[in-house]
Every structure is written in C-alpha cells, then in structure tokens.
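Annotated in TrEMBL:
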type	residues	note
COMPBIAS	1-10	compositional bias 'Basic and acidic residues'
COMPBIAS	21-50	compositional bias 'Basic and acidic residues'
DOMAIN	55-118	domain 'S5 DRBM'
REGION	1-50	region 'Disordered'
Amino acid sequence: MSEQNEKETQVSEATVAETAETSKQREDRRSNRGERRGRGDRKNNRAREEEKDKYIEHVVAINRVAKVVKGGRRFSFTALVVVGDGNGMVGVGYGKAKEVPSAISKGVEEAKKNFFRVPRIEDRTIPHRVQGEAAAGVVMLRPATAGTGVIAGGPVRAVLECAGIHDVLSKSLGSANQINIVHATVAALKQLEEPLAVAARRGLPADEVIPSYLRNTKSDKAGA
C-alpha cells in the first residue's frame with residue numbers, strides 16, 4: 001500500500017513538473033512574440049511620424065452626422081482634410097468614421113491619393129489669374145508681388161499653404177459652405193498653366209506671357 005502511494009506521488013510530481021515546464025515554454029513563446037510585435041509596432045509608428053512630418057495637414061471642417069435607423073439614430077463624424085508637401089503638391093480628402101481621429105486618418109489617406117501638381121512662379125505665387133467653381137462655391141485667385149502674403153479666408157488659405165503658395169490674392173464669390181469653397185479652390189488651381197507652356201501654344205516669347213509684375217521684378221534684379 002505504501003509502495004503504491006509512493007508511485008502515485010512520484011507520478012503526480014512528474015506530471016506537475018511537466019505541466020509547469022510546458023506552461024513556462026508557452027509563456028516564453030508568447031513573450032517572444034510580444035517583443036517581436038512590439039518592435040514592429042515601434043518601426044511602423046516611427047515610419048508614420050516621419051511621413052507625417054514630411055507633409056502639411058490642415059483639418060478644415062469636422063461635422064457630426066446622424067443616420068436614422070429602426071432602433072434610433074446612429075452618429076458618426078466626417079472630416080475635410082487638406083494635405084500638401086508645401087512645395088507644389090496638394091490634395092483634398094473627405095473621411096467618415098464613428099470616431100473623429102479615424103475620420104481624419106481616412107481623410108488624410110484620401111487626400112494623398114488625390115495629389116496634383118500646382119504650377120508656381122519663383123516658388124511663391126501663381127502664374128496668372130484664375131477662377132474655380134464647385135457646386136455653388138466660386139473662388140477667384142490672382143497672383144501677387146513678393147511680400148504680399150496669402151490674402152485668403154480659412155478654407156482657401158489651408159489649400160494654398162499646403163500647396164506652397166506664399167503670395168496670392170483671393171476672393172470667395174459664391175457659397176460660404178467650406179466644402180464647396182475648398183473644392184472650388186482646387187478646381188481653380190487645376191486650371192493653372194506654366195508660362196512656358198502657354199508661350200509655346202501661342203507661339204510667343206516667354207517674356208510676353210509672364211505677368212508684368214514678374215517682368216519688373218526680373219528687370220530690377222538685372223539692373224541691380
């Protein structure tokens with residue numbers, strides 16, 4: 001009887017030891033996976049921060065919308081975002097989600113997909129006067145001399161600053177809706193043409209196509 005008890009005790013101790021060793025191995029594997037996952041997350045976060053620093057982001061508007069369903073109303077948020085590199089590239093995106101940060105993230109991703117190049121003179125102003133329309137929104141843009149700054153309202157200013165335009169005059173002639181104003185500004189910027197392209201199409205020298213304010217600036221520099 002005593003021998004049988006001793007055998008049972010030895011078997012139970014061996015079983016407990018094996019179980020403890022197995023559980024320890026599982027914990028070690030989990031911790032290793034967690035460390036690897038943590039290193040990957042840190043790399044991804046660092047990459048996202050570097051990419052975010054490379055672009056200029058402006059959240060123009062955040063709205064709360066409601067969907068009426070059988071059980072009541074479901075609320076979500078929309079975000080109108082403008083993204084640019086400050087050097088001639090700009091895009092506009094519209095995101096929708098149940099939380100504000102998610103809506104902004106979706107708007108940023110869509111804006112990057114909608115990037116387009118904006119022609120500029122001396123990397124500071126637009127080549128010529130232009131007017132853009134979107135729904136009831138109408139925005140007029142005019143080139144300006146150096147030092148003028150961005151004379152524009154909030155939505156138009158956000159698009160121009162992200163595009164890297166530093167001297168410009170603007171006027172909103174239509175709807176006050178921010179979404180319409182932003183899309184009208186984008187429509188105006190997409191109509192801009194490089195002076196050299198216009199000169200080649202018209203068969204004229206480039207100096208005759210460049211606005212007079214810029215010709216005067218060049219002549220002043222040459223005289224100095």
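Placement of Cβ uses the backbone N, Cα and C atoms for every residue, glycine included.
Curation does not apply to TrEMBL; its annotations are automatic.
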Integer mean pLDDT for the domain 'S5 DRBM' (55-118): 93
Counts by DSSP class (helix H/G/I, strand E/B, coil) across the domain 'S5 DRBM' (55-118): 14 helix, 38 strand, 12 coil
